[in-house]
Amino acid sequence: MWRLYRKTPKQLRNSVESCFKSVNSRQFSVSSFSAVAKDDKSVLKQQEVLHLLAKDQRFEERFFNQVQQTIRYFASKPNDLKKFFRKEASTDNKESSSSSDKKDSKGNKGEDNNPFNQFPGGWQQIAVSVGILLALYAFMDYQSYREISWKEFYSDFLEAGLVERLEVVDKRWVRIVSSSGKYAGQTCYFNIGSVDSFERSLGAAQHHLQYDADRQIPVLYKSEFNFKREIPNLISVAFPLLFGYYIYRMLKGGGAAGGAGRAGGGGLGGMFGGFGQSTARVINREDIKVKFADVAGCEEAKIEIMEFVNFLKNPQQYKDLGAKIPKGAILTGPPGTGKTLLAKATAGEANVPFITVSGSEFLEMFVGVGPARVRDMFSMARKNSPCILFIDEIDAVGRKRGGKGGMGGHSEQENTLNQLLVEMDGFTTDESSVIVIAATNRVDILDSALLRPGRFDRQIYVPVPDIKGRASIFRVHLGPLRTSLDKTVLSRKLAAHTPGFSGADISNVCNEAALIAARDANHEISNKHFEQAIERVVAGMEKKTQVLQKEEKKTVAYHEAGHAIAGWFLQHADPLLKVSIIPRGKGLGYAQYLPKEQYLYSKDQLLDRMCMTLGGRVAEEIFFGRITTGAQDDLQKVTQMAYSQVVKFGMSEKVGPLSFETPAPGEMAFDKPYSEATAQLIDQEVRDLVMNALRRTRDLLLEKRSDIERVALRLLEKEILNREDMIELVGKRPFVEKNTYEEMVSGTGGLDENVELPKGLENWNKESEKKKKDEEKKKNDE
C-alpha cells in the first residue's frame, strides 16, 4: 500500500498527508486544504502520519466525511487538482491558477460548465485520486484497530474498570471505548457470535465483578459502513458486472460474429482465439506435395474427384450441355483408405483456392460459435469462388438430429448442422462456384438432410483396395525405397500376401521394412525385411525375450499345430503361409494365412472357418486332456461368426430367413429388435452351431493325430514353419490353391489396375483453349 502511496504525485501526497494532520488536529476546512494544496513543503513522514492517526479514536467517521468533502472540492475547483499532476509547480503557473480561480468565482460564461472537462485526464485522474484516498483510509483504519479476545477484554478492561461504553456494530463485533489503559491510542474490538450470547456473557461478567447499577456499562447498538470490511462484498458484486461489460464491449468492438468474415479481428476473437471467426485455412497449392499420381488403389473415386476439379477449370464444357455444377460430394469408406489423401491431391492439382477445415473445429465451449463459424467459412469461400471447400470428419457436426444422447452440447451441434444445411442449399444460397467436399467413415450416422442431392450430390465410396489396388499402392510406396528387387514383381507379391490391408496399412508396411533394414545395418531392403514388416503390422512386435515355461511352450506348439492341420485339410479354409510359437503382441503363438479375394460366403465355407478356428482348443483337449485360457480369442471369433450366421445372414432353419440389426462395436444397445422368445431361440441355435463345428473339428484332428504331433515337434525344434515345411511334413493340400498374384488375378481383365480416364477428362489438368484465348485477348487489350 505504501509503495503505491509513494508513487503518487508529490503535490497529491502533500495534500493527503496535510489532510491527515488537519483531521487529527481538528483544524481542517476547505480553505485550509486549498492553501495546503499550494504548499510544496508541508510533507510529513510516514511514521508521523501513523502517529497522528493513532491519537484520534474517531478518525474513521471524520475521515470518510472528509473524503466526500474533498471530492466536492475537486469538482468545484478543478484547477487546484491540476497542480497535483504536474511534476513542478512554477510561480507563473500558481499566479495563472489564482487568476483563473478568481474568474471561476465570478463566473466565466465562456468556459465549459462541466468542471471535469477543464483539466487533463478528466474522470481518470479523479478516479485515481479517490481510489488512493479510499485505499489509504482502509489501510489507516486497519492500523488503528486491534482485535482482542473475550479473555483479554475481561482481564484488561472489565476487571480494571476502564470501559466507558461498548458499541455493538452491525450485530457482529463490539468496539470498546475506554479512557486509558494498556491499549491507549488504539481502538480495541472483539467479534461476537450473536447479540443474545454477548448480552448473557456481559451480564454474567458484570455480576461476577459485582458491578452495581451505577457502574453498569452502557451498550450502544449501531450500524456502520466499514469500507475495509465491505471490500469483499463490493468485489463479488463488481467483478461479474465489470466482466460482463467487458465481454459486451469486446463483442461490440469485434462486430457481429461471423457476419463480416475476418474483418472483426480486434474484438472478442483476439481474446478467445477467433470466437465467431472460422478456423478454415486457405491452402497454398505450392505447399502441397501430393498429386493425383500419388493416389492409387481407388481409381473410380479418383476419377470422380478429378471431375469436380474439371467442373471448376472448364465449366463451359458442362454448361454447353445444360448441366449444373454439383454442389458437393462426400467421401465415405473405412479408415485408412485414402479419403483425406484424395482431398490433399485435389488441393495440389486444382488451380482454384482450396479451403480446408475439420468438423470438430466448429464446436467450442461458447454457445453460438458453431453457426457463426459456418457463416464465416462460407463467406470466405464465396469471396474466393470458384473454390473447393473441404470439411474433414464431418460426422463431428453432421450427426442425425433428435438422437438419444445429448444435453446442451447436442443442441449446439444441431444448430451448427442447421446453419450448414442453410449455407449449402438454403433460401438465400447463391449460384457461386463453391464445391464442398467432405470426408467421413461414419456415413451411417449423418443426417439425411445433409446427404440429399442439392447439398452432397454424390456419395463417393472409397473401399479397401483389392489385390490390383494393393499392387498399385505398393508401387507408389516402393518408389523412394532403396532395394535391388524388381519393384513391379515385389509389389505384386506383397499385394498377394496382404489381403484386407488398407492404403494406410500398406504405407506402414513399407516404412516398417525400411526401419527394420536400418536396424540391421543393411544398405538395402530385402524380401526378409518386407516379410518381417507384414508380420509386425498383422501380429505385433516379436517378443523373443519373453520367457515361457517348458510345459506352456509345448501347449502353444500343439495349439498352433491344431490350427495348421485343421486348416490344411479343410477345403474352404484359408491356405497357411507361416506358423510360429514365438510370442507376438498379446498372443503366445502366431499363424499367417492367405485369404482369397472373396465377397460372398456360403454356409459350408463359414463352417470350415469355424472349425479351423477351433482347431487349437481341440488339439489341447486331445493331447493333454485339458483346456487352457489360450483359446479365448478363438472362442470370441467363433461366437461372432455363429451369431452373424443366425442373426444377420438368415442361415438358421429354426430362426428363418430373418436379419436383425446389431449394434456396431463400441455402441450401446438399449433394446433388442426381437422378443425374448426369439432371443432364446437365437442363443440356442448359436450354441448348436458351435457345438456342431466342435464335433466336426474333433473328428478331423483325431484322424490326423500323427500329423499334429509331427508339426508340433518341428515347431518346438525350429519355432517357425512356413508353407514348404508343412508340405514336407504332411504333404500337399488335397485341394486346388491359388498362391501367386498371377493366379489370383487371372480372368479379371489384366494384371494391373485400369487407370484409363474417360475421354472428357483426358485434359482435366489443362485450361480450355477458349479460356486461354480470352485471357490473352484481355492482356493485349490492357
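Cβ atoms here come from the backbone N, Cα and C positions, even for glycine.
The ATP binding site annotation in Swiss-Prot covers GLY333, PRO334, PRO335, GLY336, THR337, GLY338, LYS339, THR340 and is backed by sequence analysis. Less than 8 angstroms from the CB of LYS339 (ATP binding site) sit LEU331, THR332, GLY333, ALA439, THR440, ASN441, VAL462, each of them six or more residues away in the same chain.
Annotation comment: Swiss-Prot describes 88-112 (among others) as compositional bias 'Basic and acidic residues'.
Summarising the annotation, Swiss-Prot assigns compositional bias 'Basic and acidic residues' to 764-782 (among others).
The predicted model assigns the topological domain 'Mitochondrial matrix' (1-118) a mean pLDDT of 46. The topological domain 'Mitochondrial matrix' feature in Swiss-Prot is assigned to 1-118 (among others).
What Swiss-Prot records for 140-230 is topological domain 'Mitochondrial intermembrane', and it gives similarity to another entry as the kind of evidence.
The annotation topological domain 'Mitochondrial matrix' is assigned in Swiss-Prot to 252-782 (among others).
Summarising the annotation, Swiss-Prot assigns transmembrane segment to 119-139 (among others).
Residues annotated as transmembrane segment in Swiss-Prot: 231-251 (among others).
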Residues satisfying Cβ distance under 8 Å from PRO335 (ATP binding site), sequence separation of at least 6: ASN441, SER502, ALA504
Residues satisfying Cβ distance under 8 Å from GLY336 (ATP binding site), sequence separation of at least 6: SER502, GLY503, ALA504, ASP505
Candidate with the highest Cβ count within 10 Å, taken from the binding-site residues THR337, THR340: THR337
GLY333 (ATP binding site) - helix vs strand vs coil (DSSP): coil
Among GLY333, PRO334, which are binding-site residues, the residue with the most C-beta atoms within 10 angstroms of its C-beta: GLY333
Distant-in-sequence Cβ neighbours of GLY338 (ATP binding site), under 8 Å, six or more positions away: VAL295, GLY297, CYS298, ALA301, VAL462, GLY503
Non-site residues, in chain order, whose CB comes within 8 A of the mean position of the CB atoms of GLY333, PRO334, PRO335, GLY336, THR337, GLY338, LYS339, THR340 at ATP: ALA439, ASN441, VAL462, SER502, GLY503, ALA504
